[in-house]
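Okay, so here's the structure we're looking at.
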């Protein structure tokens, strides 16, 4: 237990692992659902992620068993966070460390490992299977000792002993659902084991990437590489998450909640929000496993091309003027669209990644997001300016903007329309329906 929990004695950084904050989502989870979404902020661990827990557990128990001692060389295949955690603990305890990782992992994570003194060995893009095979081959050649987070029971044991008890205590026993992204599956397995003993009614939900998605830190493993610590029976449900959902939720988590986290955390939060909406009375806890500053070089947190700006309703005209002024010099023929959206709107959460994806495929078109209000109550106010601005009405004889999310065409940068063309609202629609409507609307105004 570290200094934030008790008076100073002689603790080192490794004694500050765990006891991370649990915070409630204020805007993305709506009171009307009757459920609560809580995020366990594992980025507060000393090396910055949930992997501090198993890294410390694996090294400590290997020492206790006499398998390793300071001065030895450790080897591990990693996609990033385990490597950073092992590098930090190795620096504290005096081990040499060789880390094998796919070459497409973020520059920040590579740099973090190197700062702690680890040696990095890169393999093909996305090839964690190759990294794991190479680690075992290096151990067979006598180049070091593999801790093997994918097969080491001390990985889930860390969560059985710490994560589970912390969550039960922090929620005062009210937790009903636990959501975790799955890479090694250690977090889900260890926490599940604890709750199946302490409170069996808690539902354990594992998160895996949808087909084709490459979300750092989580995997859909081929059968022959499935981690041996994984026990399917410990999961009550598995949810697939798309790349777009994970990325967009990570962005919204920063903008709406002030929580800057990575893409696997975005996926976990997205799944937790879906579960919270399914029925009232739920207390859904998800793991926010690291911090977003480890992914800045990936471009995920850059504005989504071709998104120029986001703005509030009050600054819409000023933002449009700025966009036209700056774009007139380089791309005067660009077609401008505006998406009216809101952080409190579930339909908007469904629409945002779909609309962004549709515009990413549309050459010569640019999208502006306008946030109509921060709260539902503000939007319901009959005096809201957008409700009386006839530019944003699909029927000129009938007031202003009616609902969100709604898309409008503004003309080109050099030739703005005096009266924008406003599409029908995308309320209560599935993603596939939204995609079809948006593509048809954009195509209609292609030239």
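Heads up, the Cβ atoms here are built off N, Cα and C, so glycines get one too.
Under the heading domain 'Tryptophan synthase beta chain-like PALP', TrEMBL lists 15-290. Annotation source TrEMBL lists N6-(pyridoxal phosphate)lysine at 51. Among the features that TrEMBL reports, pyridoxal 5'-phosphate binding site is placed at 81, 183, 184, 185, 186, 187, 264. Per TrEMBL, domain 'Thioredoxin' is recorded for 343-417.
Locations of recorded TrEMBL features on the structure.
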| residue | record | Cβ neighbours (10 Å) |
| --- | --- | --- |
| 51 | N6-(pyridoxal phosphate)lysine | 31 |
| 81 | pyridoxal 5'-phosphate binding site | 30 |
| 183 | pyridoxal 5'-phosphate binding site | 29 |
| 184 | pyridoxal 5'-phosphate binding site | 26 |
| 185 | pyridoxal 5'-phosphate binding site | 29 |
| 186 | pyridoxal 5'-phosphate binding site | 32 |
| 187 | pyridoxal 5'-phosphate binding site | 29 |
| 264 | pyridoxal 5'-phosphate binding site | 29 |
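When averaged over the domain 'Thioredoxin' (343-417), pLDDT in the model lands at 85. The CA atom of residue 264 (pyridoxal 5'-phosphate binding site) is located 13 Å away from the CA atom of the residue listed as 'N6-(pyridoxal phosphate)lysine'.
In this structure the C-alpha atoms belonging to residue 184 (pyridoxal 5'-phosphate binding site) and residue 51 (N6-(pyridoxal phosphate)lysine) are separated by 10 Å. Among the binding-site residues 81, 185, 187, the ones whose Cα sits within 10 Å of the Cα of the residue listed as 'N6-(pyridoxal phosphate)lysine' are 81, 187. Note: the pyridoxal 5'-phosphate site is recorded as 81, 183, 184, 185, 186, 187, 264; in the same chain, 50, 51, 82, 180, 181, 182, 188, 217, 218, 289 also have Cβ atoms within 8 Å of that site's Cβ centroid. Here the binding residues for pyridoxal 5'-phosphate are 81, 183, 184, 185, 186, 187, 264. Their largest Cα to Cα distance works out to 15 Å.
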